[in-house]
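Student: Below you'll find the structure I mean.
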Amino acid sequence: MPASDVTATRPDPISSHRPGRFDSIDQVRGAVMVLMAIDHVRWFFTDISAYQPESLANTNLWLFLTRWITHFCAPGFFLLAGIAICLYGAKIDSERDLRHYLLSRGVLLILLELTIVGYSWVFSPGYSFGGVIWSLGCSFLAMAALVTIRREVLLAGAAFFLCFHNLFLDEMPVLTNPWLAFLWRALYQPGSAAIPPAGANYFFLFPIIPWLAMMVLGYTLGHYFRRPAAERRLMFVRTGAAMIAGFIVLRITGIFGNPDTLWISPTTPGLFSLQPDLASSVINFLNTEKYPPSLQFTLMTLGPIVLWLGLSRIDSSDGKPNPINNALTLFGRVPLFYYLCHLYLIHLLALAVTSAAGQPNDWIGFGADPNASRPDGYGFGLPVIYLAWAVATLILYVLCRAYERYKRTHSHAWLRYL
């Protein structure tokens, strides 16, 4: 798709000051990243074994919603990455250069997951797992091949896997070959697998295929940014609303879309059922399977994101700059820099706060055992979690603003990867 095809249509009023870039995408990306930080603060600041947000026996509505609101993050990453790939391909107007970019960025993300990202979780060298950055990297590698396929075929394939991939989990093969077992975990079913031939276990939380399908969906949606702004926004609003409605219907009826066989989250209920009180019923209704993402989870999370893409504005209703939207857009312009910084910042904040409060924190100290569990009595309540999140967000704003200014005044080739 030539770059001229994007700019030939009526320019988007929220992005006309920067040709080729859409602030609505940056704004939504920044929002899901800020929400992501809540979940990571909760992970470092609470005893997640004693307070399980998705377990009706060990949660409350506010704890659950604190976890639930962060479910939009990973789907948002993959969908928006797919849209960005489409727009970048239109900008450079070279399939060869696009494939080179996808391959190099994919390799970079995988290396970061195995090194810098892995270390940020436990401050222990050599630790890593198949997390969201790893899965994004693998998906970029796959997209280097998939961008050569017709958009209609890609859309059909993405829709098929998003709708039906959970059905195949019930037919999981018994794999005695270690290489096939490893690939099954990496590609399809979350869990641990021995790395052939050494036999060391590696844990995959984000298997490639279901999350790649979200990226492919985003790639196909990216073509709608060639349309006039009003037409594009209307399409996104209608699509997002239809996805939300589809989730509500499927969740209430229970006819399809959320498996009873649970893989990672033993507290995910499967089918919805009314509970003795309203709060428990709300939790049960919204508690869908994320690992791997069920159809109901996908509709529940991607629906509002697509809707937001149709409704987002960088300015307030009176035409004046909106500081919150501007901050979110800033975060969305430097997503990888934000991600790498936020894990180290939150980890260091947890060490500082727990030390000041006299909490046992050896399990998150430097050189800690990656398999160590939280000691009895560890953790803080939601007020401390949200306060730490607010502090982290303010610090990250300062860091990201400085880095974004550096990017605007320097032209180093490596800056387009970070």
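Just so you know, glycine gets a Cβ as well, placed from its N, Cα and C.
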Student: Which stretch does TrEMBL mark as transmembrane segment, out of 1-21, 43-63, 274-294, 295-315?
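Tutor: From TrEMBL, the annotated transmembrane segment range turns out to be 295-315.
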Student: Could you check whether the transmembrane segment (202-222) and the transmembrane segment (336-358) come into contact, where contact means at least 3 Cβ pairs under 8 Å with the two residues of each pair 6 or more apart in sequence?
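Tutor: These two segments do not touch.
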Student: Honestly, do the transmembrane segment (336-358) and the transmembrane segment (378-400) touch, with at least three Cβ pairs under 8 Å and pairs 6 or more apart in sequence?
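Tutor: Yes, since the transmembrane segment (336-358) and the transmembrane segment (378-400) share at least 3 Cβ pairs closer than 8 Å, they count as touching.
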